[in-house]
Amino acid sequence: MMADSKLVSLNNNLSGKIKDQGKVIKNYYGTMDIKKINDGLLDSKILGAFNTVIALLGSIIIIVMNIMIIQNYTRTTDNQALIKESLQSVQQQIKALTDKIGTEIGPKVSLIDTSSTITIPANIGLLGSKISQSTSSINENVNDKCKFTLPPLKIHECNISCPNPLPFREYRPISQGVSDLVGLPNQICLQKTTSTILKPRLISYTLPINTREGVCITDPLLAVDNGFFAYSHLEKIGSCTRGIAKQRIIGVGEVLDRGDKVPSMFMTNVWTPPNPSTIHHCSSTYHEDFYYTLCAVSHVGDPILNSTSWTESLSLIRLAVRPKSDSGDYNQKYIAITKVERGKYDKVMPYGPSGIKQGDTLYFPAVGFLPRTEFQYNDSNCPIIHCKYSKAENCRLSMGVNSKSHYILRSGLLKYNLSLGGDIILQFIEIADNRLTIGSPSKIYNSLGQPVFYQASYSWDTMIKLGDVDTVDPLRVQWRNNSVISRPGQSQCPRFNVCPEVCWEGTYNDAFLIDRLNWVSAGVYLNSNQTAENPVFAVFKDNEILYQVPLAEDDTNAQKTITDCFLLENVIWCISLVEIYDTGDSVIRPKLFAVKIPAQCSES
């Protein structure tokens, strides 16, 4: 009870004190004024309200800013879409312009370039030929009728009462005065002689050979048949191996007599592909006023060196040797090949300058790509009996560009039957196993009534591979055993090597059979042991060189050589194309030489 009384008393006393003091309150922390407390509470309410307003305004501002950001983002997205559409439109316009340049402007520029470098100079040369022929004919007739020789032509010194002269010799292309080598051979010198009876003549004024410094002209093609020819090359700016492809020319024309009874060449029709760097390894075959040129198309470089990544693509270009005006696709026709019968081979392509026709069927030299795992070869057939260090597997291992390559290469022919109509169908025919070496550039041509096959020596068999064709389909060749013509080489396959080794090197240097009874051939070989140099035109048998003449100074580098021979007024002539480095600017360019095969073994 005492405790409770005290507690009550204490409360009462406190109330009294508060009533007495009125405005003062005492707590643990000290004495405070109630008015001040109330004023503080009011200030706190105002501050809280102000903070609330500020917070609301801040939230509103943040919301507004977010809305603005979203709107700006939306506008940006819309702008990006508009920009994207604009860019797509610009890209489409650029593509359309590029296509127009490629399809319309490019060919016109090419036509102008062709006219300035080929047609106009050729026509000037042809006009000069006609004038030369006319003058020569007038001289002959005046000399004959007036019974004296005219140094310069002075008609007024001749008796005007002389009979009218005979009609002068008209210009005529060789296609009207030439024939292929058929039947019995014509008379030629068959004795070994050191006399300079061969006199090469340079052909340089009617083919589009660019002589500007720094321009490399490589990958040439030459085919001559029935007085007509096909020609091709690739122009590069800078290095021959790594230069930028500028232009590829594929042209056809006639072989001409300029009045001096020496064959010349006049180009009549030229085609330039819009993408020159994609055209590789072309081969041409003539048939009834047209040359058919078959090419490999590749966007990954040379199909031989990029065989695994190359997706087989072929094209055929048909060019009229006597083009007509306003004749649609008669003059020039480009055809993409869609059907190829390749048998066990994964891919095939043309590989060599020229082929032949038999009836309505064209045959192009070719090569097939066969997976190494599917290549069947009996090592016991490898000719190592006289080779001390060669291994039996070398023949099999050397069938690819290296011993571990995915594909082996095998030579053969691509067959195209013109009479079938409809879609073009090509069929690959592989070469028989006798004397089998890696597939390389080859050539099949008709001479003296029978096809002849040449295959470049790109492997251990370095002697020239040339022989009569027993059958075209299947392709069987009677190889000659030549012991005097071999290509230069290094490493394990040097010149005159006949022992199987694993190597891949060599040059294309074909030869043309001009006498089957004595098996005499003519062509350009490289007279060097290790380096591709010293081009020499030679007439040779299997076991001896009868006579020869150098086509350049000693140590002049050269590579590919192509030779075609024919009759001009019953005299055998050959035209040889030679890839040669003698221009002084370290780039290669082809030269063409006309060489008459002498009937007599003494100089005339």
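Backbone N, Cα and C define each Cβ position, glycine as well.
What Swiss-Prot records for 1-49 is topological domain 'Intravirion', and it gives sequence analysis as the kind of evidence.
If one looks beyond the transmembrane segment (50-70) by at least 6 residues along the same chain, no residue has a Cβ coming under 8 Å of a Cβ in the stretch. Swiss-Prot lists 50-70 with the feature transmembrane segment, giving sequence analysis as the kind of evidence.
The topological domain 'Virion surface' annotation in Swiss-Prot covers 71-604 and is backed by sequence analysis. Summarising model confidence by region, the topological domain 'Virion surface' (71-604) averages a pLDDT of 84.
The N-linked glycosylation site annotation in Swiss-Prot covers ASN72 (among others), and the record cites sequence analysis as its basis.
Sequence annotations record features per position, and here Swiss-Prot assigns N-linked glycosylation site to ASN159 (among others) based on sequence analysis.
What Swiss-Prot records for ASN306 (among others) is N-linked glycosylation site. In the three-state DSSP classification, ASN306 (N-linked glycosylation site) falls within coil.
ASN378 (N-linked glycosylation site) carries neither a helix nor a strand DSSP state and counts as coil. Of all the Cβ atoms in the protein chains shown, 10 others lie within 10 Å of the Cβ of ASN378 (N-linked glycosylation site). The N-linked glycosylation site annotation in Swiss-Prot covers ASN378 (among others) and is backed by sequence analysis.
The N-linked glycosylation site annotation in Swiss-Prot covers ASN417 (among others), and the record cites sequence analysis as its basis. Counting only same-chain residues six or more apart in sequence, the Cβ atoms lying under 8 angstroms from the Cβ of ASN417 (N-linked glycosylation site) belong to ASP360, THR361, LEU362, ILE425.
DSSP assigns ASN481 (N-linked glycosylation site) to coil in the three-state reduction, outside any helix or strand. What Swiss-Prot lists as N-linked glycosylation site is ASN481 (among others), and the listing cites sequence analysis.
The N-linked glycosylation site feature in Swiss-Prot is assigned to ASN529 (among others); the stated evidence is sequence analysis. Sequence-distant neighbours of ASN529 (N-linked glycosylation site) (same chain, 6+ apart, CB under 8 A from its CB) are PRO488, PRO494, ARG495.
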Where among the glycosylation sites ASN306, ASN481 do you find the Cβ with the fewest other Cβ atoms within 10 Å? ASN481
Would you kindly give the Cα-Cα distance separating ASN378 (N-linked glycosylation site) and ASN306 (N-linked glycosylation site), rounded to the nearest Å? 28
